[in-house]
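Read through the structure below, which is laid out as structure tokens, and then see the notes.
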Amino acid sequence: MTKIAIVTDSTAYLGPKRAKELGVIVVPLSVVFGEEAYQEEVELSSADFYEKLKHEEKLPTTSQPAVGLFVETFERLAKEGFEVVISIHLSSKISGTYQSALTAGSMVEGIEVIGYDSGISCEPQANFVAEAAKLVKEGADPQTIIDHLDEVKKRTNALFVVHDLSHLHRGGRLNAAQLVVGSLLKIKPILHFEDGSIVPLEKVRTEKKAWARVKELFAEEASSASSVKATVIHANRLDGAEKLADEIRSQFSHVDVSISHFGPVIGTHLGEGSIGLSWYIEK
């Protein structure tokens, strides 16, 4: 039986306990405030990041892991007797992390590195990792795992509502005119991943109406399914996340609802107060 390791990056926001339970290795991305870089969830927690954000005039930037960090990780796994690594990462359209993993894989001898572009991030990415880890424990071969991840991708969706448009503007996803008009009209864009990129799905007036629409879109997919895993993801807005989670639980008894968070790297792009809803149609 092939000895397979699962590697991912920090934007899955697994946390140390869950990563250990799954038996996966996490390579961190970084956020950069001025000249200072911090590995997210290692040198800078999500709570500290959002607190720091309140006192900084300039929005931080983000940085993918260096190729060398992946090389070190893969070399260590090779020495530990692993024959194959399946390296699962956030969308290659929003970060070069996936490409860094592939580059590192081509530089390391004695182990095969198979990259997997999740086309998404955060809890949906974590679900890819969890599904892969489960199959590894069941003794599946690499191709079976990749084929299963492709099936998971077809049944995964996520929608986000951004609280403050200025983060999207400063990150280059909205121009100045869109920012002014959107702010004046209280427009709350519903965002989603399309071919791996974060793009507006619909533009709705007021946050309340935006979330009503998100629940409608969720219902269109979830109502006819028999088993659904949903996650409410928040950027330092636990009260809003809990409220939405309770609403979904009361409306859909067959949906397993959990709560997760946008950590520093993804929080930099979406901004504090943003909330997302992701789901995976199990059957």
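The backbone N, Cα and C atoms fix where each Cβ goes, and this holds for glycine too.
According to Swiss-Prot, the domain 'DegV' annotation covers 4-281, on the basis of sequence analysis. For the domain 'DegV' (4-281), the model's average pLDDT works out to 93.
Just so you know, the Cβ of Ser95 (hexadecanoate binding site) picks up 22 other Cβ atoms within 10 Å once every protein chain is counted. What Swiss-Prot records for Thr62, Ser95 is hexadecanoate binding site, and it gives similarity to another entry as the kind of evidence.
In the three-state DSSP assignment, the secondary structure recorded for Thr62 (hexadecanoate binding site) is strand.
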